[in-house]
Amino acid sequence: MHSSLVGLRISQTEDLKTAYTDVVSMGYCRYAFVGSDLFQHSDTPKLTDEKIEAILPAIRSDQIHSDAGDSIAGNFVGYVSSWIDCDAPDAALRTASEKCLLKELNWAAHLALRVVCISLRRLTNPNLARILTSFTITEYAPVRIWISVPMSLLEDFPDGGEEGEDPRESSPWHWWTQLVILAGDTSESFGLLLELGADLPSESVIRRWLSEPVSCLSLSTDIFLLNSKGYPVLSGPHQSLNSQIIVHGECKHERGLTVFQQYINWLWKTANENKTPYEKHSRGLEDQLQEPLQPLQDNLSSTTYGVFEMDSYKYTAYEEAIYMALLDRRKNPGSVFFTSEDFPPLTDAPMRTNGAYTTDKQVIFILGAGRGPFVAASLQASERSGCPVRIYVVEKNPNALLTLRHRLETEWKDRDVHLVPGDMRWLSTDLEKADIFVSELLGSFGDNELSPECLDGAQHLLKDNGISIPSSYTSYIAPLQSLRIHQEAACHRDICSANTRVQKPLETPYVVRLQNFQLLDDPKAAFTFTHPRKDSPISGLTGDNSRFTTLTFTASQDAMLHGFAGYFDAVLFGKIDLSTHPHHHSPNMFSWFPLVFPLETSVPVRTGEQIVLHLWRCVSTRHVWYEWALTAPVTTKVHNAAGSAYKIGL
């Protein structure tokens, strides 16, 4: 990727090589790309076939290599002639536009340009959609098409618009959305070029645009302000729009257009330096679909463990929760401390033991210990609280066990730490019972990595008055607009096979670091699980962890509903919690990204319209899976019925 994120718009050039040489010679070599007209301007758009044939490209030469022999086609964005209007009411103009558009698109493909830009001018563009779709399907060399629209018209502002007028006619977002719907799957080749004015629309309009695949922002030199030193700068709201930028218009600054490029790159550099840990650790993963982890079926890699262990906030919160739990237990000695009669001898237990066996220690089980970070947190909490502990380290991953054995023989050599290989659900009843369970089995949706099933399976080894960390967790879900996510999921149809868990990509939940998205309403609580479970088999009750809920949302504005985003809140102990809820996300925590439940078909919603979601958590003897459906504003199929698209193995 080019180090610069700034492009320069020029009017016309006879050949790419000359334009490239001119830009470099003027000191603009740091521009990432140059935008230029593909064909000469026409003063007579109503053209006969003969005149159309006679029109020559503005870029006449197809010599697309620099003097050094490098291809420079990728440095150019070709602009389609502004007079072209394939949906014009005038039949002659419409016909001429169709022919000229195809001529320009084919010339751009011949030049091997990567991007062609065309402007939208109205709401209804079926003819343009048909031509772009046909071109995209039949063209061998892929060409990305930037659709240029203003971010807003005057009517987008609160006081704009005429009475009785369809508001969509004056809303460029509706123009774009209708074109995407008309183009179907080929809209994956579309990107947005947003034209920004001096005044920006409301925050809600901006958020909606940023849920679309914005490729570039178009800024006129006229909207830049001059600072005290006479250099061009952008207003605060404009600075917050973080995207690739193309600059156009007359340059009146004595230092030339380079000052604009330098300033915008400085903005980018500053923004990157000020990124949060969440943003830094998720760089490169934005809007990428990831299959959720299945730790019960799969053994996590060292790399995966390493990423999780970098999340200092999570481990600090856990240490504090363990510390507070130990203090709580010490305040109630009558219900906490035990004697040797409280549990059987450990001589036959499948474990490696270190340290003296005493009767005044709190027993902690680390369930799913990984490489041991929660062991370290427990030992630290013990030292802080002055409460001695005995720790049982439970882990099934044979590779992680090697690391744990090494730590047991080295840094934990003189500590009362014991290794218990195996699945926590099938632990021997010969083990002494725990005062405290410590586990981190949470998924992006709270329960989607089967924490309820795992902790229920181990609960027979927790004392009746024992503590579980976490003590509860609640999943949250909200309606989501993100065209990019929908398109990414649709693309996954080509990679499904009998050897993959994902069989129906648009009915499969994905872990996603959401970037180009907006939530259409606040998240609502879905499912809550509490530990220790009061109706567990140990109490003679047989209820499972299946769940069902119906949630009603209200659309905050006109939008396209592409699915739902899932989050969670987890109470570790007392008031200590972890949260991915967007309104109170734990600061700087990056262990979890949202879980996205896509819809097979995008659903248009209007402002104030109700969105009714039905969500199931289904449980069988071998699997757990989610099913979901809408009954408003439209009725959809039940997604992932019977776990046919994706399920989680027990």
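Any Cβ shown, glycine's included, is placed from N, Cα and C.
No curator has checked TrEMBL annotations; they are predicted automatically.
Taken verbatim from TrEMBL:
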- 33-249: domain 'PRMT5 TIM barrel' (DOMAIN)
- 279-469: domain 'PRMT5 arginine-N-methyltransferase' (DOMAIN)
- TYR305, LYS314, TYR315, GLU395, ASP423, MET424: S-adenosyl-L-methionine binding site (BINDING)
- PHE308: site 'Critical for specifying symmetric addition of methyl groups' (SITE)
- GLU440: active site, proton donor/acceptor (ACT_SITE)
- GLU449: active site, proton donor/acceptor (ACT_SITE)
- 472-648: domain 'PRMT5 oligomerisation' (DOMAIN)
In three-state terms from DSSP, label TYR305 (S-adenosyl-L-methionine binding site) for me.
helix
Averaged across the domain 'PRMT5 TIM barrel' (33-249), what pLDDT does the model get? Just tell me the whole number, please.
82
For GLU449 (active site, proton donor/acceptor), what is the secondary structure state per DSSP, taken as helix, strand or coil?
coil
GLU395 (S-adenosyl-L-methionine binding site) in three-state DSSP notation:
strand
Provide the number of Cβ atoms within 10 Å of the Cβ of GLU440 (active site, proton donor/acceptor), excluding the reference atom itself.
23
Quick one: of GLU395, ASP423, GLU449, which of the recorded positions has the smallest count of other CB atoms within 10 A?
ASP423
Rounded to the nearest Å - Cα separation of GLU395 (S-adenosyl-L-methionine binding site) and PHE308 (site 'Critical for specifying symmetric addition of methyl groups'):
16
I want to verify one value. Collapsing DSSP to three states, which class is ASP423 (S-adenosyl-L-methionine binding site)?
coil
By CA distance, which of the binding-site residues (TYR305, TYR315, ASP423, MET424) lies nearest to GLU440 (active site, proton donor/acceptor)?
TYR315
